[in-house]
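As structure tokens, the structure follows; a few thoughts come after it.
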């Protein structure tokens, strides 16, 4: 036994794995174990904190989501009806836009349709009313022309304000003309030409003595001016129909604030 102990000790000394630099491979030091365990704990805590942050973000997003998503997923009956009518309006307006481009089915008639639209523009009517007012020599004629000028200016301001509020685009990407920019008629809702044509036709039918054929032609002219805007792709069908309604309401407003002959004479004298 005493002889075997020195042999085992010598064998341990000659063993390379028993050297100091290889001891960590066989038996890791306590410091390394503690550092590894601490790093594991820190990584576990970081992962838990990341998971908590992710859950918190999801909660915030769920709290920040408005009720619009719920409305889209579960729309009400009114929402479904409104969206359906809007889709039908856009589809029908695109189909009726036969003169929207040169390549359209009625592209050759685009110039004629634009000319028909100019007859319902505000600038020619204002200019014509001013010329007739200067040349008019009767008190009744000046009274009618002054109120017509008031109705035209009111129509431009009301339509421009409503279009700025609605900011609805037309069914086709058609750039407004120079006259449209002058009257601030750059959006689709409501159709300014339609409101003006309806107001003018109702005004003339009420204050001018016209034969029945002329009265019928006046109504047909107003309808053609309104729907010509759909044919060139500037307005939807609902824009034109709403323009007719606003035109009639403007006529009723002018009738309520109708200026008397004395008031018109005073304004003409100031001017």
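Placement of Cβ uses the backbone N, Cα and C atoms for every residue, glycine included.
Annotation source TrEMBL lists compositional bias 'Low complexity' at 34-55.
With DSSP states grouped into helix (H, G, I), strand (E, B) and coil, the domain 'Phosphatidic acid phosphatase type 2/haloperoxidase' (143-255) comes out at 84 helix, 0 strand, 29 coil. Among the features that TrEMBL reports, domain 'Phosphatidic acid phosphatase type 2/haloperoxidase' is placed at 143-255.
Taken from TrEMBL, the feature region 'Disordered' applies to 1-66.
The transmembrane segment annotation in TrEMBL covers 112-138 (among others). Nonlocal intrachain contacts for the transmembrane segment (112-138), taken as residues 6+ away from its ends with a CB within less than 8 angstroms of a stretch CB, comprise 99, 106, 145-146, 148-149, 152-153, 155-156, 179, 182-183, 185, 192-194, 196-197, 200, 221-222, 224-226, 228-229, 231-232, 268.
Annotation source TrEMBL lists transmembrane segment at 144-162 (among others).
Residues or ranges marked as transmembrane segment in TrEMBL: 203-228 (among others).
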